[in-house]
Amino acid sequence: MAGIESVLQETRVFEPPASFVKQANIAGMDAYRTLCAEAERDYEGFWARLAHEHLLWHKPFSKVLDESRAPFYTWFEDGELNASYNCLERNLENGNADKVAVIFEADDGSVARITYRELHARVCRFANGLKALGIRKGDRVVIYMPMSIEGVVAMQACARIGATHSVVFGGFSAKSLQERIVDVGAVAVITADEQMRGGKALPLKAIADEALAMEGSEAVRHVIVYRRTGAGVNWVEGRDRAMDEVEAGQPDTCEVTPVGAEHPLFILYTSGSTGKPKGVQHSTGGYLLWALLTMQWTFDLKPDDVFWCTADIGWVTGHTYIAYGPLAAGATQVVFEGVPTYPNAGRFWDMIQKHRVNTFYTAPTAIRSLIKAAEADETSHPKRYDLSSLRLLGTVGEPINPEAWMWYHTNIGGGRCPIVDTFWQTETGGHMISPLPGATPLVPGSCTLPLPGIMAAIVDETGQDLPDGQGGILVVKRPWPAMIRTIWGDPERFRKSYFPAELGGKLYLAGDGSVRDKETGYFTIMGRIDDVLNVSGHRMGTMEIESALVANPLVAEAAVVGRPDDMTGEAICAFVVLKRTRPNGDEARQIATDLRNWVGKEIGPIAKPKDIRFGDNLPKTRSGKIMRRLLRSIAKGEDITQDTSTLENPAILEQLKEAR
C-alpha cells in the first residue's frame, strides 16, 4: 500500500480571521505547538493533567496508562466516575441549570426546548424506571429510536445506572437489529412506535417486534416504547411498556452509579469487511474526556454558543457530538428529527436562521447534495436566508472535495467562518486530525494536523515511516484515552483489525491512505486503503479523482471505484450526478468525454475514468454516506448481495446499472 501517488494539488490557504483568533480557546499556532510539546515531553502527564482538570471523579485515578497487555490498553483504570454526572450534575452545579440544553426540531417543524434542570429530572425518572425493571450495572440495553430528546434521555439514563447501551440506527432492518441484539446480549430494547423522516413514518416498533421474534433474542426481558406518533402497535403483555409509564411516579432524582474508568459506556456496531458487524467497545473515562476536550478545542465552544451536529445518535458522531460532548461542555444544541430536503432543500438554512446556530457540523455528502439543490432551485439557495449567526463550520464522515469546501466556505460561512475538516472514526471516539479554528491556516481538502496528544504517522506496509510527500498508510503510534478497547466478544478480531502483526502489532491501523505535505506537514486523506486504485502500476486515491470531477462546474457529486481491466489491471469507473437533469444518449456520451478530458487536465491522463455513468443520485445510507461497496458491484457487473437495509434510495441501483 506504500507509494500511493498524491495527484491533488491545492494551493489556496485561508488564515484564521484575526477576530476569531482573539477569542479562541487555542489561539495561534504557538499555543497549539505548546500543547503538542507537552504531550511529547510527558505523554502520561499530559493526559493526567487534562483528565484531572476536565472530568469529575468519584474516586481519583492513580495510574494513567497501562500498556502491559498491548494492544488492550487501559487508561485511568483505578479511577471511578459517571458519564451522566459529568453531563448533568456538572451543569446544575455551575450555574447552567436553567440554560437550554436541547432545542429539538421535529420533522414537521415543531420545536421543543428542555433545560439542563428539566433534562436531569427526565433522565433521573427514566433511570429510576429502568432500575425498577431490574436493569443493573453491566447489563446491555439496545436503543432503537428516532432522533429525539427521548433518545438522548435513554442514553444518559443507561450511563447513569452503569448499563452499557448499544444504539442501533433507526434505518436498520429487523435482521440487522436482531444480529446486534444477540451479539451484545441485550436484556432490554428501547424503541418508539414510529419515527418520522421527510413526512413519512417508519414503523420502528414493528421492526423491533420482527427482530425479537427471530431466534436468539430470548434474553430480552423488556421492550420500552416511546410514543412518538401515537400509532397503534402490537403489544406483548408483560414485556412491553410505554416510556412515559416507566417514568411515571418515579422521583426526579437518581443517585448515579460510579463505574470504573474502563467500564464500557457503550458498544456501537460498525460494518466489517467480512460482513459480520463489529461491536466497537468504548470506555467511560477516556472516551468522555476526549468528547469534552474536542468540543472545547475543535469547536472552540463558547458559553452562549448554539451548536448543531446534524448526525444521528445511531452513529458515533451522534454519540460524541450530541449525546455526550455538548452536554459535558454545557452547550445549547439543536437536535433534528428530519432530513435536509424536507419540506424543501432550504431546511438546514432555515433552521440555522431560526435557532441562531453558531456552529454547524455536517457531512460533505449533505453539502454536495445541497449544492445541487441550490443550483436547481433558487428558493432553497442559502443566500435567501440569514446565516449571520454562524461563526464556525465543520465537516465529518469523509474527506471533503476542495470545491465543495469552497462553496461551503463562501455560501454558508460568508467567507468569514473557519471550517474544521475533522478526520476520525467510530473506533477513535472523537476527532484525531483536524484544524483548530483559532490557530490553523486552512487548506481546502486537507484535515491539516493531528490534535495535541495524537501521534499520527504515515507508514509503508511493513510499518516503516514514509517521507513527507509520499502517500501511504495512516497509523497512530501511541494509544490515546478515547480509543476503541476491543471488539465486543472478539478480542482476536480486534487485534487483527486494528493492530496487525505485519505493522508490528503496536501501530493503530486507521485503514485510510494519507499523504503529509512536505512544506506544512498537513495530512490529506486519500480514501480507504481498499479504495486505492492501481491503474497501470500507478496507485491513486479515489478522493482525489472525485475532487477533480466535482471541480467541474457541471458536476454536483461524484464517486469513483475500480473494476478489473485486462489492459491496465484496474480501470477507473466514475458515478456522476450533475447539477442539472441526468443526460442520456449522445448528450451523455459527449459530457462523459468532456469530463474525461477535464480529469486529464486536472490530474493527468492516467486518472481519466474509463467508464462514466450518470445518475439522479448516488446510493447513500440514511446518514448520508455513499455506499461504495454497492458501486463496486455495479461497476463489475456483479449481483448485489450486500445488506442494503440502510440504503436511503434503493431505486438508484437499477438506474446506475442501466446507465452504461
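Counting begins at 1 with the first residue displayed.
Cβ coordinates come from backbone N, Cα and C, glycine included.
Database features (Swiss-Prot):
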BINDING   R197, G198, G199, K200, T317, S536  CoA binding site
BINDING   G397, E398, P399, D421, T422, F423, W424, Q425, T426, D512, R528, R539  ATP binding site
BINDING   V550, V555  Mg(2+) binding site
MOD_RES   K625  N6-acetyllysine
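A map of Swiss-Prot features onto the structure.
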residue	record	Cβ within 10 Å
R197	CoA binding site	19
G198	CoA binding site	13
P399	ATP binding site	27
T422	ATP binding site	25
T426	ATP binding site	18
R528	ATP binding site	16
S536	CoA binding site	11
V550	Mg(2+) binding site	23
V555	Mg(2+) binding site	25
K625	N6-acetyllysine	19
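DSSP classifies R528 (ATP binding site) as strand under the three-state reduction. G397 (ATP binding site) has a Cβ environment of 21 other Cβ atoms inside 10 Å. Cα distances from V555 (Mg(2+) binding site) to the recorded positions G199, K200, W424, S536, K625 are smallest for K625. In this structure, R197 (CoA binding site) is part of a beta strand by DSSP. Residue density at G199 (CoA binding site): 11 other Cβ atoms are found within 10 A of its Cβ, drawing on all protein chains shown.
Within the set of recorded positions T422, V550, K625, the entry lying nearest in space to G198 (CoA binding site) is K625 (CA atoms). T317 (CoA binding site): 24 other CB atoms within 10 A of its CB, across all protein chains. It is 32 Å from the Cα atom of K200 (CoA binding site) to that of W424 (ATP binding site). Across the residues the record lists as binding CoA (R197, G198, G199, K200, T317, S536), the two Cα atoms farthest apart are 49 Å from each other.
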